[in-house]
Amino acid sequence: MRRLLLSAPLRRGLSITAAGDPSLASSAEHAYRLLRRHHSDPQKLAAALSASGLDPSSPHLLDAVLRRCGAASSLALHFFHWCSPSLPSPLPSSLALLAKSFSRASSAPPPSLLAPLPSQLLRRLPQPRLLPFALSLISARPDHDHPALFLSLLESLSKAGHVATAEQLVEELQPRLPLSLRHYTALLYGWCRQGKLDEAKHVLVRMKAADVALDVVAFNTLLAGFVADGRFEDAFELAREMERRGCPPNAVSYTTLMQGLGARGRVDEAMRVFVEMRRKGCAPDAVTYGTLVSAFCKAGKISQGYEFLDAMSREGLRVDAAVYHGFYVAHEKKEQLEECLELMERMRECRCPPDLKVYNVVIRLACKLGETKQAMALWNEMENGSLSPGVDTFAIMVSGLVGQGALIEACSYFKDMAGRGLFVAPQYGVLKDLLNALVRDEKLELAKDVWECIVSKGCELNVSAWTIWIHSLYAKKHVKEACLYCLDMLEAGLMPQPDTFAKLMKGLKKLYNRHIAAEITEKVRKMAEERHVSFKMYKRRGVRDLEEKPKAKRRRGQKKSRRRQSGHGQSNRNADLLDASDDEEFSS
């Protein structure tokens, strides 16, 4: 009876999710039937859809119909063709479904279907389909649309990382559609983004042959490629080349150089670039100052960062929350909570209220230093303002409270997270830490309460979540409880991992509880057959994993221990050298 009660809320949550919007599901089903009935005659299909009362301007209806069509790619594309004239913009999920429909088609759809498809779809298509799709898309449009569409496709392909396909498209359409500066810039961007600078230089050669002069945007694109690849000598030479060609570097050029140098810790060189920028009469903007602030904070030179922050205020430049983030990260590394709180007050005075990223850092630091009351006060301040805590904020708070042993408070925040529908798969690490801490602290009823809260809220529960809970119980010798929850897991249609099954069988053998062992074994055997998995191999793998995992854990622990010892030995040697140098200075 207890197991049924535990499983029932999970099934209810799944059924609610599957049902969705009944009226939308009914409309999608009606559209699907019309598509199946009239798909061979486009005119009859269009008339039937128009007379059906369906709303062609609804992106959600399009999404629902595409999902209902499934692998029937021609039906999906027919419906998109019908509703596209009235559709404002497809949902991102609809673009993904359309891309899947096109990739499933045995041949290219006719031009009448391709004409309304947006060029953004290129980003979601599989590589082999890109070039034929792009060519079909161009042929489906009138001649006067070809130049603009060609440029749009070229830029979309380059931004999506398919620059090789973009080059093939250029070859196919030359010399019918000439290349302009924007076409070449798109190719430069694509090659530089992939770090293929030799291909980018080949584009420059073609530009020179075509007598197309580079502008500052094209130069900056190539400059960003050199910086990203760490080729600063080439980047500085390119900046000098810009001067020689009468296209001097602008604020974007200098900021790109400073960003690359700052990211590699070369703050002195970044500062020299800034001085050169001012000397050449190029006024720095807010992004330039923000780059320098970030570089100095990353290098641990917080005082210099504050100097540039003050300079921004003096010059009347807008300081947004992103500029302050570097200070908080630097203060967190040095465990300076008071400085963080003072900086938050300064932000409020400057009418730049702290954002979620700031609260995340300060709450994490407060918990780390044991200031849990301060962390909760910050949380209340955040919620009383205009900010709503996200998944990361909840995870930071729960982990911090667990680390300080404030388990009751951690449970409260975790339940709040589950209640808001924010508990998803990436937070399983937080769940593991919380449940392990509760079971380890003999707070079993509280742990059960947390688990039943997750189940009752209809949160996503996969094999990993069940495994965390079952292993937490088993680790503290609650074998029977772990087995009962394993039965709940099986009733939910999820098969336990092989090592979980082996672990439970081992525990039940010690308890001489053959009844539960037989029930679990029978259900796992049946589930293995349904999945075409050899039950014998499943059992063997479980026993092997059970033996190998502790060994692997011990090996990792030994490696960490050796690293700590070597680091301690190195620090001792460094200390001896410093002592020796101090003795020499004293004696001299």
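Just so you know, glycine gets a Cβ as well, placed from its N, Cα and C.
Predicted automatically and left uncurated, TrEMBL annotations should be read as such.
For 551-566, the entry in TrEMBL reads compositional bias 'Basic residues'.
Sequence annotations record features per position, and here TrEMBL assigns compositional bias 'Acidic residues' to 579-588.
What TrEMBL records for 545-588 is region 'Disordered'.
Taken from TrEMBL, the feature repeat 'PPR' applies to 180-214 (among others). The predicted model assigns the repeat 'PPR' (180-214) a mean pLDDT of 86.
Feature annotation from TrEMBL assigns repeat 'PPR' to 215-249 (among others). Each residue of the repeat 'PPR' (215-249) gets a DSSP state, and the totals for helix, strand and coil are 26 helix, 0 strand, 9 coil.
Residues annotated as repeat 'PPR' in TrEMBL: 250-284 (among others). Long-range contacts of the repeat 'PPR' (250-284) within the same chain, counting only residues at least 6 positions beyond its ends with a Cβ under 8 Å from a Cβ of the stretch, are 216, 219-220, 223-224, 227-228, 230, 232, 235-236, 239, 242, 291-292, 294-296, 298-299, 301.
Feature annotation from TrEMBL assigns repeat 'PPR' to 285-319 (among others). Beyond the repeat 'PPR' (285-319), the same-chain residues lying 6 or more positions past its ends with a Cβ under 8 Å from any Cβ of the stretch are 251, 254-255, 258-259, 261-263, 265, 267, 270-271, 274, 277, 325-327, 329-331, 333-334, 350, 352.
The list of residues near the repeat 'PPR' (355-389) in space but at least 6 beyond its ends in sequence, with Cβ under 8 angstroms from a Cβ of it, reads 321, 324-325, 328-329, 331-332, 335, 337, 340-341, 344, 347, 396-397, 399-401, 403-404, 406, 409. The annotation repeat 'PPR' is assigned in TrEMBL to 355-389 (among others).
Look at the repeat 'PPR' (180-214): DSSP puts its residues at 26 helix, 0 strand, 9 coil.
Taking DSSP states H, G and I as helix and E and B as strand, the repeat 'PPR' (285-319) has 26 helix, 0 strand, 9 coil.
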